[in-house]
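According to TrEMBL, the feature transmembrane segment maps to 42-59, 139-158, 183-202, 264-287, 307-328. Residues annotated as domain 'Homeobox' in TrEMBL: 87-125. Residues annotated as DNA-binding region in TrEMBL: 89-126. The domain 'TLC' annotation in TrEMBL covers 134-336. Annotated region 'Disordered' per TrEMBL: 343-381, in sequence order. Marked as compositional bias 'Acidic residues' by TrEMBL: 345-358. The compositional bias 'Low complexity' annotation in TrEMBL covers 362-381.
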């Protein structure tokens, strides 16, 4: 087993995979005036991820919650359905939204009314949906990180020649020295995506959940690989292009949860413009051009990493097209129907019965229609 692992390790770090011909790992030893990225430095991204999770916990608790309250978002407590093993088993194993005939069968089996079974499933489904405050907290954290990353990224890049002339990303390659700003930019970004991987089980799950998983893994793979191959200049540009659009989306989400519709609409339109400029123009015609086309001027025999990295970059571009399609659908609905709802999220269903009414129904007592109407209207206050 040890021999197999040693062989796989030697194959993985084979020079022909990562660097041009006539270069070896011995050439990447730090010397006077030159500092190179080291693969073992990537281990530090794991503890950095946990540091970011700690920062996230405190920022969501002590900044996001007060901000949400200031914007009018309340921490609504969900009413739990009455414990019922039969209905719970059906909910978990059969269907979360049973048909009318199935509801009638369950009502007979549980010896209760159809209305009560419908109410039980509605409340049970609501427990699976995160509260508006929870959504706001998550959006606030991502907004904070992406905004900070964009500002810091611009500070790190604005005076670099490759920020304006992308050909400069290949000048002197592979013997390009690693700058301290590039080190911290990479460590923070990879650590952030590791933190998102670690919290996949507790973060809000949307319909494009798998697309996000693929994106996070591709991002970590790309950044880690570009670090090992010293494609850091290009890597920083890829990071910057992505983060500069994302904080607009998270800001739009926050104001959407606060029901500031006009502000949300304006922010989402700004995000859409930023997304199409960065992901549909700059990424394919600036970044991908630099990774697919320009390396052929510096080497007639591309290394294996050339195909691996470009494969992952093209995967990212495929995700950009998928998300661009979703954004276009939302914008189309907004233009024609004035509706800016996000199809990826589930919405909470209204709960018109109180616990007292449910107990009354369970014991066979009927409430008057006037009382029901009063409860229904009061639930909106």
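Quick reminder: no glycine exception, Cβ is built from N, Cα and C everywhere.
TrEMBL does not curate its annotations; it predicts them automatically.
Same-chain residues lying 6+ beyond the ends of the transmembrane segment (183-202) with a Cβ under 8 Å from its Cβ atoms: 37, 41-42, 44-46, 48-53, 56, 145, 149, 152-153, 156, 213, 216-217, 219-220, 223-224, 227, 232, 235-236, 239. With a cut-off of 8 Å between Cβ atoms, the residues of this chain six or more beyond the transmembrane segment (307-328) that come close are 17, 208, 211, 214-215, 218-219, 221-222, 225-226, 229, 231, 238, 272, 275-276, 279-280, 283-284, 287-288, 291-292, 343-344. Mean pLDDT for the domain 'Homeobox' (87-125) in this predicted model: 85.
Across the domain 'Homeobox' (87-125), the DSSP tally of helix, strand and coil residues reads 30 helix, 0 strand, 9 coil.
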